[in-house]
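Asker: What follows is a single structure, and I will ask about it in a moment.
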Amino acid sequence: MSDYKKTLSMPNTNFEMKANLSVKETKIQENWVLEKIEKKILAKNKSNTPFIIADGPPYANGDLHTGHALNKILKDIILRFKASVGFYTKYIPGWDTHGLPIEQEMAKRGLNKNANQTITEKRKNCKNFAIENVYKQRDQFRRLGILSEMDEIYVTCDLDYVIRQIKIFNKMLSKGLIYQDLKPVYWSWSSQTALADAEIIYQDVESDSIYVSLEILDKNEFVSKGDKVIIWTTTPWTLPSNLAIAANPKVTYCRVQVENSVYVISKNLVEKLAETLEWTNYEILSEFSGKKLENLPYKSPISDKKCKIIVDGYVSDSDGTGLVHNAPGFGHEDYLACKKYNIKPYCPIDNLGKFTGEVNDKELAGLFYKDANPIIIERLAKKKLLLKASKFTHSAAHDWRTKKPVIYRATKQWFVNIDKISKEIVAALNKVKSIDNTIIKKIKEMVLNRQEWCISRQRIWGVPICIIYDKDYNPILDPKLLNNIVDILNDEGINAWYNEDAKYFLTDSYNTSKKYIKETDIMDVWFDSGTSYSVLQADKLGYPADLYFEGKDQFRGWFNSSLITSVAAFKKSPYKELLTHGFVLDENGNKMSKSLGNIIDPLQVCKEYGADVLRLWVASVDFSKDVSISKDIIAQNAELYRRIRNTLFRFILGNLNGFNLKKLRGAKYSEADLYVLSCLSNDIKTIKACYDKYDFKQIVKIVSKNVADLSSWYFDYIKDPLYCEKEDNEQRIAIQATLYQLLDSYLRILAPIIPHTCEEAYEFFDKKDKQKSVHLEGFTNFKIDSKYKVDFKKWEEFFDLKDKVYSEIEKTRNEKVINSKGQAHITIHSKSLPFDEQTLERYLGVAKVEFKVKEKDGTTIKVKNSKYARCERCWNYYPTNLIANELCERCKKVIGNKKI
């Protein structure tokens with residue numbers, strides 16, 4: 001038997017089967033930088049419409065996690081696609097570099113503990129650490145295959161950025177949208193600073209629950225002297241600061257006789273309280289509105305001071321007693337209610353959560369607030385004021401960084417007045433679009449639920465609030481002075497604020513012999529990142545940005561702060577479109593944690609599988625929800641990647657070897673070729689629409705299905721003409737032209753998702769007008785010529801028939817009747833066939849197709865061994881009389897007089 005292998009046109013390409021991405025990707029990335037691919041793309045699209053994604057800055061602390069990878073890769077896919085269709089897509093990544101975590105890291109390292117250190121020296125240590133982490137994370141992001149070279153970045157501690165931020169602060173100040181006030185704010189004793197809503201998390205805690213009776217000291221026509229109001233509280237430690245009791249003016253209250261005492265409570269809660277306080281025998285004496293209690297005096301439970309009952313609509317009669325203990329120094333609603341009665345906040349708790357001497361109680365002074373609870377409860381019991389004490393579990397506010405409980409505490413802070421611009425915020429949001437309508441609704445609710453935003457922090461590592469006070473601690477809001485401060489800081493650096501005396505910043509109009517004091521607080525880090533749109537303004541990239549795209553936690557964070565500052569300063573939303581993604585969880589829906597051992601390190605995935613496999617996972621998930629990742633899930637995506645690489649790219653590259661590009665135009669396509677090209681044309685239209693609406697998972701589904709479909713039929717069918725026909729055979733040339741269009745299109749389709757592999761395959765692709773990079777090609781514009789008409793119904797019938805035939809062939813093979821489908825003789829009983837028998841023989845890859853008309857509906861298929869002889873060159877089966885000297889007629893002609 002002769003060896004005919006040398007006479008076949010077998011696939012040949014240097015595009016390797018083994019990806020070896022961990023090595024190849026870094027080289028490809030180096031080449032992108034060397035060839036300035038990003039800059040060439042930007043130059044190519046410079047005069048076109050911009051599409052700008054504003055980068056929400058990750059925090060410059062630690063290594064990247066899968067959440068970072070998900071976010072950056074999603075943005076990169078969008079930008080690569082937008083660039084491929086002609087948009088100008090300059091991208092400036094940024095980092096959030098201020099804040100408590102870095103101060104805490106310095107404390108861990110012992111760098112900022114020296115009592116002799118200046119604030120400037122401490123800030124320098126913080127900055128060095130932050131910048132070190134910026135560069136580390138930048139290199140890690142580059143490993144993910146981000147198109148941006150990241151040579152132009154923004155960092156929130158850079159002087160230019162800080163100056164722009166202070167100018168925005170001053171602009172809001174000049175509009176009366178920033179003010180200072182003494183009022184309760186979330187206070188973290190563990191971090192020793194005020195916190196904003198976005199910095200609060202909720203965790204279950206066990207608290208004291210007490211019911212306390214307080215004696216009324218006077219009478220009116222509805223209440224008698226000596227009657228007792230009942231209050232319920234879960235914060236006994238605030239009772240020394242009690243300054244009022246609040247009733248609802250519209251709620252009905254009653255006097256209830258219980259043994260020798262008369263209590264005043266909400267009528268609606270009598271039965272509930274009777275059960276809670278175990279009143280076995282009680283009588284309602286009278287009823288009246290809460291308004292009738294206003295200004296009645298009572299004795300405060302711990303201080304014994306004479307206080308008064310006030311009325312306010314916030315008081316509820318759905319739980320408690322319908323009467324609320326008010327400590328305006330420790331509660332926001334208390335503060336607002338008491339303010340109407342000119343009752344000022346009283347707050348005898350220090351930064352560490354300990355009672356100060358102001359409490360005027362030797363036993364409590366210096367005590368941590370929680371430790372005061374048992375002492376206060378014991379005192380109430382001794383005074384016979386305690387009606388009931390118990391424990392209960394509830395959700396309470398905690399510091400998001402330290403995970404310790406926080407309290408409301410009245411301190412002098414700086415606030416943004418959100419309520420004042422609420423209408424402008426709504427108007428701005430109404431112009432913002434989103435693929436998910438609930439996103440706009442959610443951000444609107446999040447912002448409008450806040451009347452104010454506390455933006456001052458009692459720390460050192462941040463942007464200083466550059467305000468100077470007079471000797472009486474009144475802030476001087478003179479625009480000329482504020483501008484002078486900005487000019488000095490711009491010239492000398494931000495640390496001049498800490499190095500110089502307050503008088504150094506004064507203009508000539510001020511009397512320097514007087515006393516002036518500098519503000520020591522810094523701005524909330526959300527104000528830092530929330531003014532990052534200034535980067536776009538400074539770079540003239542277009543403001544508002546086309547897209548803000550971050551995790552769903554940013555409704556309370558970056559989306560929120562950016563919107564507030566932008567509307568306040570510039571009367572517009574900073575984004576035209578808003579998009580969110582979910583959190584990354586393990587395959588069981590659990591959060592990543594070291595204790596569970598379920599952490600997937602994105603950099604380790606890049607090392608083990610390659611960034612393109614990680615990127616394929618990102619593209620395959622429904623990012624609008626929480627997404628799952630695990631070793632098994634990554635392995636599944638690696639298998640899909642392998643099919644794309646080898647079944648699609650490598651197979652086609654191998655079979656385009658020697659293809660004459662000049663033959664593209666005159667190719668004479670078969671019905672099969674035209675069907676494949678028509679499907680490609682339709683899919684390109686669908687895929688482009690998916691890219692436009694960020695539906696990457698659907699793109700992956702389409703590509704995955706097409707790879708499976710092509711490999712299961714078309715690629716199998718075309719092997720015979722590709723391998724066995726002469727190189728100039730018309731059918732073979734048409735098939736190669738079809739493969740050319742498939743490869744050219746899929747390289748461009750998949751370039752945003754698996755950019756390294758598409759770049760590698762493109763290197764081996766001999767194509768017309770070849771560029772330096774596949775990413776300079778632009779998105780595929782292939783569209784099948786309208787002169788070609790494809791009967792898709794006929795093809796549906798064919799594929800339905802194919803599945804039935806192959807199913808019967810498999811049964812016959814299992815029964816050992818045939819060894820391969822090439823031996824099969826197929827008899828089809830049906831009303832009609834989609835193609836004639838000879839065409840079906842080629843398309844199905846069988847020896848013989850015999851058609852027998854069947855009057856009734858349905859198709860019956862029978863398979864038997866054709867008993868034909870095999871051609872030893874092409875391995876097709878023919879009647880014995882058509883095989884001579886091992887070869888079929890076609891193969892004899894192809895070989896001709898060649899010596900084997």
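Cβ coordinates are placed from backbone N, Cα and C, and glycine is handled just like the others.
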Asker: What range among 58-68, 113-123, 135-145, 311-321 does Swiss-Prot describe as motif ''HIGH' region'?
Answerer: 58-68
Asker: Looking at 11-15, 591-595, 836-840, I want to know which stretch Swiss-Prot calls motif ''KMSKS' region'.
Answerer: 591-595
Asker: By DSSP, how many residues in the motif ''HIGH' region' (58-68) are helix, how many strand, and how many coil?
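Answerer: Here the numbers are 3 helix, 1 strand, 7 coil.
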Asker: Taking DSSP three-state, what's Glu550 (L-isoleucyl-5'-AMP binding site) in: helix, strand or coil?
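Answerer: DSSP assigns Glu550 (L-isoleucyl-5'-AMP binding site) to strand.
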Asker: Determine the Cβ neighbour count for Cys871 (Zn(2+) binding site): the number of other Cβ atoms within 10 Å of its Cβ.
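Answerer: Here the count is 23.
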Asker: Rounded to a whole number, how many Å is the Cα of Cys888 (Zn(2+) binding site) away from the Cα of Glu550 (L-isoleucyl-5'-AMP binding site)?
Answerer: 64
Asker: With an 8 Å cut-off on Cβ distance to the Cys871, Cys874, Cys888, Cys891 Cβ center, who else from the chain surrounds the Zn(2+) site?
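Answerer: My list of surrounding residues reads Cys724, Glu872, Arg873, Trp875, Asn876, Tyr878, Ile883, Leu887, Glu889, Arg890, Lys892.
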Asker: Taking the Cα atoms as reference points, how far is Lys594 (ATP binding site) from Cys871 (Zn(2+) binding site) in Å?
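Answerer: If we compare the Cα positions of Lys594 (ATP binding site) and Cys871 (Zn(2+) binding site), the gap is 62 Å.
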Asker: At the level of the C-alpha atoms, what whole-angstrom distance separates Cys891 (Zn(2+) binding site) and Glu550 (L-isoleucyl-5'-AMP binding site)?
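Answerer: Distance between the two Cα atoms comes out at 61 Å.
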Asker: Rounded to a whole angstrom, what is the C-alpha distance between Glu550 (L-isoleucyl-5'-AMP binding site) and Cys871 (Zn(2+) binding site)?
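Answerer: Their Cα atoms are separated by 61 Å.
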Asker: Here are the binding-site residues: Cys888, Cys891. Which has the lowest count of other Cβ atoms within 10 Å?
Answerer: Cys891
Asker: How many of the residues that make up the motif ''KMSKS' region' (591-595) does DSSP mark as helix, as strand and as coil?
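Answerer: Here the numbers are 0 helix, 1 strand, 4 coil.
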